[in-house]
Amino acid sequence: MVSTDDSLSLLPSSPTPLLPIPDHNHTQSQYISRLRGWLTYAFASEAFAVCSLGLFLPVLLEQFARENGVLLPERSLPCVPGTGEVQAEGGRCVVRIGWAWVDTASFSLYVYSTSVAIQALTVISLGGIADHGKRKPLLLSFALLGSCSTTLFLFLPSHSPLWPICALLAITANVAFGASIVALNAYLPGLARDAPEVRAGRLAVDEAFRHLREDDTDLDDSAFNPEAAQAALKDWHTLISRTTARISARGIALGYFAGILALLLLLIPVTLLKGSTFSLRLCVGLSGIWWGVFTLPAAAWLPSDSTTTNTNITPNKPQPRSTIREIASAWAELGRMLLPSHILQLKHTFLFLAAWFLLSDTFTTISSTAILFSKTSLHLPPTSLMLIAILAPCSGVIGALTCTALQQRYAWSNKRVLLTLVLLLTVVPAYGCLGFFLPSLGLKHSWEMYILALYYGFINGSFQSYARALFSELIPRGEEARFFGLYSITDKSSSFLGPLVVGVIADKGEIRNAFWFLLGMVLVAWPVLAGVDPERGREEAAGYRRLDGEEEEEGDVEEE
């Protein structure tokens, strides 16, 4: 005879948060519709990320500034001469923004940095709103805002007193993109739990632990099999993990495919118009139209929050009555989250964020360093750099899908896949370091860069997919948007550190020395990621809401 108290010890901690919470009944066709909506928005938004954010928009911003800038030191000659004017030789090009003179090459960097800061404030402020049943309205609102801001570049000529509006449009578009992606990522844990195979696994867990149900107190405990119950629970967690990885990989692959397809189409006007400002405006504007058009089917397929299964709203959680109170609550919650006591409650969640901080910076820095090295040391022409920019995401599509297939075949955990990918990443900087010792290998020829782009893209696509999947397992239920906002901020806040160090290395000597720094970054990040225990992280996330003063907040709401 197995007592109820003995059965409780089967679970890593208290069984309540780990046992599946009953959801609304939805058909498989409804689940497929939700999944299509999620994937379609990835297809819609990633074209803007690859084409505009990654390529055309920084160049366009610099071009806007240059066409309205003047040459130092006189500040009288235009950087771009008009008809009949003679091109001045030498001199740095600057443009006046308000009361300050800004280098035109730095203009786009300032715009990007500003947008990242505003994006961080936005996702923190609105994360709680998304977690309280307004995820779809937020996603669609930001999609509309970003699409319109990007499309307006079609109507903004560079030779106009209103040209500085380009900075406002670019900032708005990037903030809207980042906020909508946070809302999109917040759907991922619920989508995985709603998958048919995961729901079937949940039923198996329910059956295994039927003796814990209040309405089954008369069951004969002798029929309870502790080993089978524990195995059912473990299988359910494994199903969630693999399903999350599979959905995430499909989103990454489809998004990359959209970016590649849009990039190939947009290269046509850029080539025909010889890279003119109008051609760049056309490309950015068309990426905004792409974003808006393909958001329409996503809006139709994604369910309203009131009918979504696994809306992830914590039962009995107090709902602030206004947007202002919700924003204030979001910042108060962030303050609590970052207290040492709360970090210890979610030790493995924050340990993963530390690893993500290091690794996302490493991937960003390797990409920018490789492009800079190709241009300055290998002297590759712009067409070759464009080809490299296309090869990497193409390989990323293959990588994301291949790793998913291998995981299903060999039953690897998400963590093991990530650790393997990080080890494979060490080959990239290590190969660059070989150039110090080998006369004809180690990035000495242009063909090596093409192979490296394919290899790096394969790893990057898989890494982005599995990092998102693993993190989704470590998030407290009902806090998806808030924690994915922190995930996004961690990524963006680290993106300047590596490039800054590489810039200093390049200024002080040969840029190839940067590969030693990159190799060190990977080797430091690997043990941090290895220290993450997904099982313990799931337990910590499951018990988090009962330890954060929620009862006090609920009492305050009732008093009001």
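The backbone N, Cα and C atoms fix where each Cβ goes, glycine too.
Per TrEMBL, these features apply:
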{"type": "COMPBIAS", "residues": "538-548", "note": "compositional bias 'Basic and acidic residues'"}
{"type": "COMPBIAS", "residues": "549-560", "note": "compositional bias 'Acidic residues'"}
{"type": "DOMAIN", "residues": "348-560", "note": "domain 'Major facilitator superfamily (MFS) profile'"}
{"type": "REGION", "residues": "538-560", "note": "region 'Disordered'"}
{"type": "TRANSMEM", "residues": "38-61", "note": "transmembrane segment"}
{"type": "TRANSMEM", "residues": "109-130", "note": "transmembrane segment"}
{"type": "TRANSMEM", "residues": "137-156", "note": "transmembrane segment"}
{"type": "TRANSMEM", "residues": "162-184", "note": "transmembrane segment"}
{"type": "TRANSMEM", "residues": "252-272", "note": "transmembrane segment"}
{"type": "TRANSMEM", "residues": "278-302", "note": "transmembrane segment"}
{"type": "TRANSMEM", "residues": "350-373", "note": "transmembrane segment"}
{"type": "TRANSMEM", "residues": "385-406", "note": "transmembrane segment"}
{"type": "TRANSMEM", "residues": "418-438", "note": "transmembrane segment"}
{"type": "TRANSMEM", "residues": "450-471", "note": "transmembrane segment"}
{"type": "TRANSMEM", "residues": "483-502", "note": "transmembrane segment"}
{"type": "TRANSMEM", "residues": "514-532", "note": "transmembrane segment"}
Problem set entry | Integer average pLDDT (0 to 100) for the domain 'Major facilitator superfamily (MFS) profile' (348-560) | 82
Seminar exercise, completed: Lying 6 or more residues past either end of the transmembrane segment (38-61) yet within Cβ distance under 8 Å of it, the residues of that chain are 107-108, 111-112, 139, 143, 146, 150, 153, 166-167, 170, 173-174, 177, 180-181, 184, 187-188, 191, 247, 250-252, 254-263, 266, 270, 277, 280-281, 283-284, 287-288, 290-295, 297-298, 301-302, 389, 393
Exercise. So are the transmembrane segment (137-156) and the transmembrane segment (278-302) touching or not, going by 3+ C-beta pairs under 8 A with a sequence gap of 6 or more?
Worked result: yes
Problem set entry | Positions on the same chain near the transmembrane segment (385-406), where near means CB under 8 A and six or more residues out | 50, 54-55, 245-246, 249-250, 252-253, 256-257, 259-260, 263-264, 267, 367, 370-371, 374-375, 412, 417, 421, 449-450, 453-462, 464-466
For this session: Please give the sequence-distant neighbours of the transmembrane segment (162-184): residues at least 6 beyond its ends with Cβ less than 8 Å from one of its Cβ atoms.
Result: 38, 41-42, 45, 48-49, 52-53, 57, 60-61, 64, 67-68, 97, 107, 111-112, 114-116, 118-119, 122-123, 126-127, 130, 135-136, 138-139, 142-143, 145-146, 149-150, 152-153, 156, 288, 481, 484-485, 487-488, 492
For this session: Given the cut-off of 8 Å on Cβ pairs that are 6 or more apart in sequence, determine whether the transmembrane segment (350-373) and the transmembrane segment (109-130) share at least 3 such pairs.
Result: no
Seminar exercise, completed: Same-chain residues at least 6 beyond the ends of the transmembrane segment (278-302) with CB under 8 Å of its CB atoms are 33-34, 36-38, 40-41, 43-45, 47-48, 51-52, 56-57, 59-60, 63, 136, 139-140, 143-144, 146-154, 156, 158, 173, 187, 258, 262, 266, 269-270, 272
